[in-house]
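J.: Okay, these came from Swiss-Prot:
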- 243: active site (ACT_SITE)
- 277: active site (ACT_SITE)
- 220, 221, 222, 223, 224, 225: NAD(+) binding site (BINDING)
């Protein structure tokens with residue numbers, strides 16, 4: 001019983017699917033997919049529940065959301081372990097994800113009041129009142145890299161605003177989604193307010209195409225996001241929020257503490273086995289002795305990165321990629337870059353057949369003319385040597401994406417120069433570019449999104465503004481308009 005529809009756990013009626021631990025290939029979850037017909041039932045359940053959920057009022061909705069927060073707190077160790085087993089990420093990292101899920105509640109409440117909520121002002125024309133109302137039924141598509149935290153960042157603000165939700169998680173991380181819904185159930189969520197449909201492409205297509213959803217919130221690949229954007233292009237009445245990937249640049253310029261710089265480069269490129277949408281994919285290092293020395297330190301440090309299963313002791317820095325298929329894809333990406341003229345400074349290798357375990361890779365692609373503008377979603381960092389700061393910024397901007405970017409530089413003037421010219425929604429200075437605050441918006445431009453930043457700004461796409469001019473009774477104005485006699 002792995003579909004949660006109208007407040008009940010039911011069996012999927014589609015084909016059988018399994019979820020495996022990518023570090024050892026053990027099956028940790030199996031069930032059947034939701035059929036398009038079951039997706040329709042889930043949407044109907046959300047539609048039937050939506051008005052009553054909205055009319056409960058914010059305080060009553062908040063009480064249930066806070067009860068969910070308490071369930072997360074009580075079960076955070078289990079949540080972290082399930083995420084670790086299903087994604088292959090090491091336990092230290094999934095503990096931070098479980099913690100972020102808890103922290104998202106307070107941030108979402110603050111965002112609701114600051115970004116939406118209700119306000120009023122007296123004007124000569126009457127009382128001007130600004131309110132926000134929910135869109136209705138929204139679909140949430142979750143990714144596999146942060147299977148708890150990222151969909152949580154859509155679901156919580158959507159519910160606070162008064163929407164109901166149909167949640168379709170990644171088919172690679174169904175067990176995390178199942179645990180999330182069990183905690184919502186324990187929190188006392190009314191039936192139909194969240195509905196979980198587990199499945200693969202057929203399930204997702206049925207949900208995205210359903211005429212009764214009022215919005216879709218997606219986190220995932222640029223390819224899928226662009227398909228959804230095309231699908232919704234002729235339907236302006238539906239809100240679409242896309243958070244996609246990036247081919248993210250990191251520039252190094254005149255840094256005295258090279259050891260700290262190497263640390264921030266590694267945290268930017270290799271955390272989560274390179275499976276964060278904000279991970280650095282391109283590293284720009286100045287030509288000359290200083291750049292040579294930094295690269296030498298980086299090569300040595302990358303070779304020392306510990307890789308291992310989610311539960312290895314002592315804990316590794318990098319766990320498994322999400323699947324053996326993903327691991328093989330990174331080996332192939334490296335091979336393609338070498339064939340184009342790249343030089344592997346540290347070779348990315350598939351460490352164990354049948355698993356997603358790979359070693360981190362570092363490849364010098366300086367001078368490669370036809371460098372693909374691709375998001376290689378794994379631990380492979382491309383190095384480009386530059387002679388001129390303007391050249392480095394120009395190369396950094398030479399991408400259709402625009403999610404994250406950063407510079408490590410001791411000079412504030414260099415940062416200001418970079419900040420004014422770089423094209424990205426997240427721009428960091430002397431910090432890893434995978435570091436983002438839930439108290440700030442999260443999103444990018446270009447192929448990285450559709451101008452619907454998430455995190456603190458998720459409240460913006462979960463409700464629409466309603467402007468009213470009000471008076472307690474009808475009354476004649478002191479002076480009638482010319483030409484009127486009443």
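Each residue, glycine too, has its Cβ placed from N, Cα and C.
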J.: Among all protein chains shown, how many Cβ atoms are found within 10 Å of the Cβ of residue 220 (NAD(+) binding site), not counting that one?
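T.: Around the Cβ of residue 220 (NAD(+) binding site), 21 other Cβ atoms lie within 10 Å.
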J.: Does residue 225 (NAD(+) binding site) have same-chain partners at least 6 apart in sequence with Cβ under 8 Å from its own Cβ, and which are they?
T.: 218, 242, 244, 449, 450
J.: Determine, for the NAD(+) site, the additional residues of the same chain whose CB lies within 8 Å of the mean position of the CB atoms of 220, 221, 222, 223, 224, 225; present them in sequence order.
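T.: What remains near the Cβ centre is 218, 226, 227, 244, 245.
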J.: Using Cβ atoms only, which residues of the same chain lie under 8 Å from residue 222 (NAD(+) binding site) while being at least 6 residues apart in sequence?
T.: 244, 245, 375, 401, 447, 448
J.: Reported as an integer number of Å, what is the Cα distance between residue 223 (NAD(+) binding site) and residue 243 (active site)?
T.: 12
J.: From the Cα of residue 221 (NAD(+) binding site) across to the Cα of residue 243 (active site), what is the distance in angstrom?
T.: 8
J.: Helix, strand or coil by DSSP: which one applies to residue 222 (NAD(+) binding site)?
T.: helix
J.: Write down the Cα-Cα distance for residue 277 (active site) and residue 224 (NAD(+) binding site), rounded and given in Å.
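T.: Residue 224 (NAD(+) binding site) to residue 277 (active site), Cα-Cα distance: 14 Å.
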J.: How far is it from residue 220 (NAD(+) binding site) to residue 277 (active site), counting Cα to Cα, in Å?
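T.: Between the alpha carbons of residue 220 (NAD(+) binding site) and residue 277 (active site) there are 9 Å.
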J.: List every residue in the same chain as residue 277 (active site), at least 6 positions away in sequence, whose Cβ is under 8 Å from its Cβ.
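T.: Residue 277 (active site) has long-range Cβ partners 145, 219, 243, 244, 245, 246, 375, 403, 404, 448.
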